[in-house]
Amino acid sequence: MTASPIIAPSILASDFSRLAEEVQAIEGTADWVHVDVMDNHFVPNLTIGLPVVTSLRKATSIPFDVHLMITDPQRWAPAYAEAGAYNVTFHAEACDDPVALAKTLRAAGSKAGLAIDRDTPVEPYLELLPYLDTILIMTIKAGFGGQAFMPEMLDKVRDVRRRAQINDLEIRIEVDGGIAADTIERAAEAGADAFVAGTAVYGAADPAEAIRKLRALAAARMGLA
Ligand code: DX5
Ligand code: ZN
């Protein structure tokens with residue numbers, strides 16, 4: 001059975017001085033809230049960390065999809081699971097034992113996700129899929145919102161979808177970067193079923209309406225509409 005699409009607005013594109021209201025504006029329409037944690041080491045940018053996630057968790061019932069763009073996720077990731085994140089995704093490039101960390105995250109109460117950045121091939125990680133709940137394929141270079149979607153990254157999505165089908169795995173295939181009304185259909189067609197959208201949601205006059213539109217476009221391509 002095909003799972004229905006997950007739309008995960010990224011608060012990176014929201015107004016950081018009004019985070020609680022920005023998240024509440026998508027309550028009831030967003031499936032997950034995507035929280036981009038950047039440490040100015042793994043990526044040049046710096047965003048928010050655990051104290052903000054802990055406070056924001058109390059402001060909404062929408063599940064948190066935490067995307068850790070940080071070095072040493074073995075040290076920092078479990079605290080996000082303990083803070084109530086639904087899914088915690090760490091980067092393959094920053095972790096030498098992804099299976100161990102995925103197990104730790106699941107034991108700490110969250111789903112476990114592995115992110116693959118623009119310049120990283122996905123093949124070496126296909127064997128790890130049974131240990132993961134989510135695989136996040138970057139469709140840009142991680143670090144900043146508002147970048148142009150890279151369609152050539154969708155080959156990685158196709159590879160993961162093929163392997164998930166062959167092995168009958170239950171895994172969410174998430175895409176992140178440049179997802180908008182003019183790109184989401186291509187990503188869905190390639191096999192993605194979870195879609196991060198920052199600018200396309202929070203840059204829209206009506207974020208909730210933007211989410212509904214994105215979901216309808218994805219669902220149609222996934223054969224669900
Ligand atoms: C960038 C982040 C993305 C970012 C996407 O490294 O991982 O989640 O917020 O922003 P848009 O949707 O604007 O490309
Ligand atoms: Zn992200």
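Just so you know, glycine gets a Cβ as well, placed from its N, Cα and C.
TrEMBL annotations: computationally assigned, not manually curated.
Keep in mind that this is a model prediction, so the values were computed, not measured.
These features come from TrEMBL:
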type: BINDING; residues: SER10, HIS67, GLY143, PHE144, GLY145, GLY146, ASP176, GLY177, GLY178; note: substrate binding site
type: BINDING; residues: HIS34, ASP36, HIS67, ASP176; note: divalent metal cation binding site
type: ACT_SITE; residues: ASP36; note: active site, proton acceptor
type: ACT_SITE; residues: ASP176; note: active site, proton donor
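Taking the features listed in TrEMBL, we show where each one sits on the structure.
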| residue | record | DSSP (3 states) |
| --- | --- | --- |
| SER10 | substrate binding site | strand |
| HIS34 | divalent metal cation binding site | strand |
| HIS67 | divalent metal cation binding site | strand |
| GLY143 | substrate binding site | coil |
| ASP176 | substrate binding site | strand |
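In this record, substrate is bound by SER10, HIS67, GLY143, PHE144, GLY145, GLY146, ASP176, GLY177, GLY178; the longest C-alpha to C-alpha distance in that set is 16 Å. The CA atom of GLY145 (substrate binding site) is located 13 Å away from the CA atom of HIS67 (divalent metal cation binding site). For the pair formed by HIS67 (divalent metal cation binding site) and SER10 (substrate binding site), distance between Cα atoms is given as 10 Å, rounded to the nearest Å. Listed in sequence order, the residues ALA8, SER10, LEU12, VAL35, ASP65, VAL66, THR89, LEU136, VAL196, GLY198 complete the 8 Å Cβ shell around the divalent metal cation site centroid, once HIS34, ASP36, HIS67, ASP176 themselves are left out. The binding-site residues listed here are ASP36, ASP176; among them, ASP176 has the most other Cβ atoms within 10 Å of its own Cβ.
Same-chain residues with CB within 8 A of the center of the SER10, HIS67, GLY143, PHE144, GLY145, GLY146, ASP176, GLY177, GLY178 CB atoms, the substrate site residues themselves not counted, are LEU12, ASP36, ILE140, ALA142, GLN147, VAL196, GLY198. Of the listed binding-site residues, namely GLY145, GLY178, the sparsest CB environment within 10 A is found at GLY145.
The 6 Å Cβ screen around ligand 2 retains ASP36, HIS67, ASP176 from the binding-site residues ASP36, HIS67, GLY145, ASP176, GLY178, ordered by sequence position. GLY143 (substrate binding site): 17 other CB atoms within 10 A of its CB, across all protein chains. Within 10 Å of the Cβ of HIS67 (divalent metal cation binding site) there are 28 other Cβ atoms, across all protein chains. In the structure shown, across all protein chains, HIS34 is the one of the binding-site residues SER10, HIS34 with the greatest number of other Cβ atoms within 10 Å. Here the CA atom of HIS34 (divalent metal cation binding site) lies 14 Å from the CA atom of GLY178 (substrate binding site). Looking at ASP176 (substrate binding site) and ASP36 (divalent metal cation binding site), their Cα atoms lie 11 Å from each other.
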